[in-house]
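Colleague: Please see the structure below; I have some questions.
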Amino acid sequence: MPRAGLCSCWGGQVLPLLLAYICYLLLGATIFQLLEKQAEAQSRDQFQLEKLRFLENYTCLDQQALEQFVQVILEARVKGVNPKGNSTNPSNWDFGSSFFFAGTVVTTIGYGNLAPSTEAGQVFCVFYALMGIPLNVVFLNHLGTGLRAHLTTLDRWEDHPRHSQLLQVLGLALFLTLGTLVILIFPPMFFSHVEGWSFREGFYFAFITLSTIGFGDYVVGTDPSKHYIAVYRSLAAIWILLGLAWLAVVLSLGSLLLHRCSRLWLLIRGLDLKDGADPDSDPRPQKIPISA
């Protein structure tokens, strides 16, 4: 019965996953509340204290005037204008910054620190995202698949000598390690140096960016007190695209590396993967497709 099959699928697969999903969200909400609520209260109290001190130092202002000025600052911040500095600050919509923004749109990162404020810009952003997001997904999938295929073209890997298999596993591990350094270690170090962040903050920015979470609390090239090179944010956008492609490769090659390591361990110990087979009957390891 289709109805019985649907109920069985819901009870056997969907319901446990749904419960696990809800429990995971509840766990995250509880931990974030414990970690952040007190810090938020302290920041709020500190801000109110600073406003009182400001009014005490500038008696010509009243509470209402100060609140109006704070509202102006908040509105400017929403529109992407940094309240720090003056009118000579670099534009948020020069070509490099616009290229960076376009990259955050198609990759769905959306830091939230900058958004179109004109009606024409908002309409264009909608249609640009409708076309760009699928294009980005297709591009990253093809790039990741191509890199993975380039690294796994050894159709008869199991026929190679054991020392050759060991070299292949070590080469694959070295490739993943070097890629991790180039994508996840060196860029945070560079961003930390340029932006004046700690390495923890730089790595946090890199992870939040490449995971497409994009909180917007850390964004490169937004400090008005620093003089960035013209292509700085454009290079950051290119790094984002390469990093997303790298993550696609890592996700696909990670399981392959674990599979080959486990097979190599069994081969080194002289075990045969075939059930009931005598390890001494055939010295050549059994063939298992790479895609397994």
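Heads up, the Cβ atoms here are built off N, Cα and C, so glycines get one too.
As annotated in TrEMBL:
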{"type": "DOMAIN", "residues": "88-145", "note": "domain 'Potassium channel'"}
{"type": "DOMAIN", "residues": "181-252", "note": "domain 'Potassium channel'"}
{"type": "CARBOHYD", "residues": "Asn86", "note": "N-linked glycosylation site"}
{"type": "TRANSMEM", "residues": "12-35", "note": "transmembrane segment"}
{"type": "TRANSMEM", "residues": "95-114", "note": "transmembrane segment"}
{"type": "TRANSMEM", "residues": "126-147", "note": "transmembrane segment"}
{"type": "TRANSMEM", "residues": "167-191", "note": "transmembrane segment"}
{"type": "TRANSMEM", "residues": "203-221", "note": "transmembrane segment"}
{"type": "TRANSMEM", "residues": "236-258", "note": "transmembrane segment"}
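Could you tell me the structural context for the features on the list?
Modeller: Computed over the domain 'Potassium channel' (181-252), the whole-number mean pLDDT of the model equals 88.
Sequence-distant contacts of the transmembrane segment (12-35) (same chain, at least 6 residues past either end, Cβ-Cβ under 8 Å): none.
Beyond its flanks by at least six residues, the transmembrane segment (203-221) meets 96-97, 100, 104, 107-113, 183-184, 187-188, 191, 194-195, 197, 228, 232-233, 236, 240, 243-244, 247 of its own chain at Cβ-Cβ distances under 8 Å.
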Colleague: Can you work out which residues elsewhere in the same chain, 6+ from the ends of the transmembrane segment (126-147), have a Cβ less than 8 Å from its Cβ atoms?
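Modeller: Tertiary neighbours of the transmembrane segment (126-147) are 102, 105-108, 241, 244-245, 248-249, 251-252.
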